[in-house]
Amino acid sequence: MAIELGLSRITKLLEHLGNPQNSLRVLHIAGTNGKGSVCTYLSSVLQQKSYQIGKFTTPHLVHVTDSITINNKPIPLERYQNIRLQLEALNKSHSLKCTEFELLTCTAFKYFYDVQCQWCVIEVGLGGRLDATNVIPGANKACCGITKISLDHESFLGNTLSEISKEKAGIITEGVPFTVIDGTNEASVINVVKERCKALGSELSVTDSQLNGNMIDTNSWGCFDLAKLPLNGEYQIFNLRVAMGMLDYLQMNELIDITKNEVSTRLAKVDWPGRLYRMDYRFDKVSNRTVPILMDGAHNGSAAVELVKYLRKEYGNQPLTFVMAVTHGKNLEPLLQPLLRPIDQVILTRFNNVEGMPWIHATDPEEIKDFILTQGYTKEIVIENDLHQVLPSLAHVSDEQRRPIVVCGSLYLCGELLRIHNSHLRN
């Protein structure tokens, strides 16, 4: 199975399943970067004792079940397998030829329907207009959010920001009452979304594009001081503004009833590995030795630029060690050019096959090395194909001599390293 955009296959499969998506109350998120963060903010704030808040985000970080959660708890493996067996049988018996992502999306919808979730926070997989998640009727979407849009997946979405924006804005369908877009987007992007909203009668809110002293102003709760929240990276402020714009709309229209203190308390507890995530990485099963790392799933040009802003703020001009793997087919220049300097070291590796995504594989480290040398980014390059050996080799360097270690380039790399780390904790 590979990536095949379109709604015809999943529409037929869901019909055979009884159309569970038509009973869900949804918040739908599209964009290039920041979608997962917005989803995490939304699901965290919406959680109440009596509420079931479903969240569907991809790709998964450690296990495929991580993609489908209720109140941040992954779908039980047995439940996941039972729904998948049902879907695969329908897919085969009706010769639908659904993709892996379409099957995963249907699994989420069926689970959320069975559990009777009060809200479902749904992240677009790729693009928006023809993404499997867009099978949800517009009338079921309480509001939509669009994060920062930049060049990525050009072979599927188009080669210009305007083309890509039209695909992302496709989640705004007939019946969607309200949409929030990140105000730091290019004017051309915002204009595309404005035109889409105007054509379909969806009210549009453009978030503040300035930092403004790390404040977020809302109609429902007044101002929030973000200095009191654990937000790494200024771009997370802009992601949070999208989420807060959506929550503000829900509160103003009496679709939720949450106090300002509850919002602040829940935001303060938000945590997600793989996004500017600091950890002491345990690299073997026997000793308790660890090595400190910063892990970030930056995998395209705009994400790399934001990561660099954070690194310069934290480390100044200090030399860094990057541990990197890149998904095959990615444009290397936008990712590597902002990150690498002649004073930096790069350890190139590869991730293994990704569960549930057989079309995903890593770029050959030798290919990345040749590109880095040709571009003259740095000459300090090491290739280590065995992920189990990458971080132990750095752990033997003394604390005084060890450079800060940054793992980036792919969420699949982050996920596999976390699996190794977790397996060592269990042993």
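Glycine residues also receive a Cβ, built from the backbone N, Cα and C atoms like all the rest.
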Pick from Arg9, Arg266, Arg275: which one does Swiss-Prot list with Gly34, Lys35, Gly36, Ser37, Asp296 for the same ATP site?
Arg275
How many other Cβ atoms are found within 10 Å of the Cβ atom of Lys35 (ATP binding site), counting all protein chains shown?
24
Determine, for the ATP site, the additional residues of the same chain whose CB lies within 8 Å of the mean position of the CB atoms of Gly34, Lys35, Gly36, Ser37, Arg275, Asp296; present them in sequence order.
Asn33, Val38, Thr40, Gln236, Asn239, Trp272, Gly297
So what sits near Asp296 (ATP binding site) in its own chain, CB-to-CB under 8 Å and at least six residues off in sequence?
Gly274, Arg275, Leu276, Tyr277, Ala303, Leu307, Val406, Val407, Cys408, Cys414
Using Cα coordinates, what distance in whole Å links Lys35 (ATP binding site) and Glu123 (Mg(2+) 1 binding site)?
6
What whole-number distance in angstrom separates the two most remote CA atoms of the ATP-binding residues Gly34, Lys35, Gly36, Ser37, Arg275, Asp296?
15
Once the chains shown are all counted, how many other Cβ atoms turn up within 10 Å of the Cβ of Ser37 (ATP binding site)?
25
Report the same-chain neighbours of Gly36 (ATP binding site): residues 6+ apart in sequence with Cβ closer than 8 Å to its Cβ, ordered by sequence.
Thr57, Glu123, Trp272, Arg275
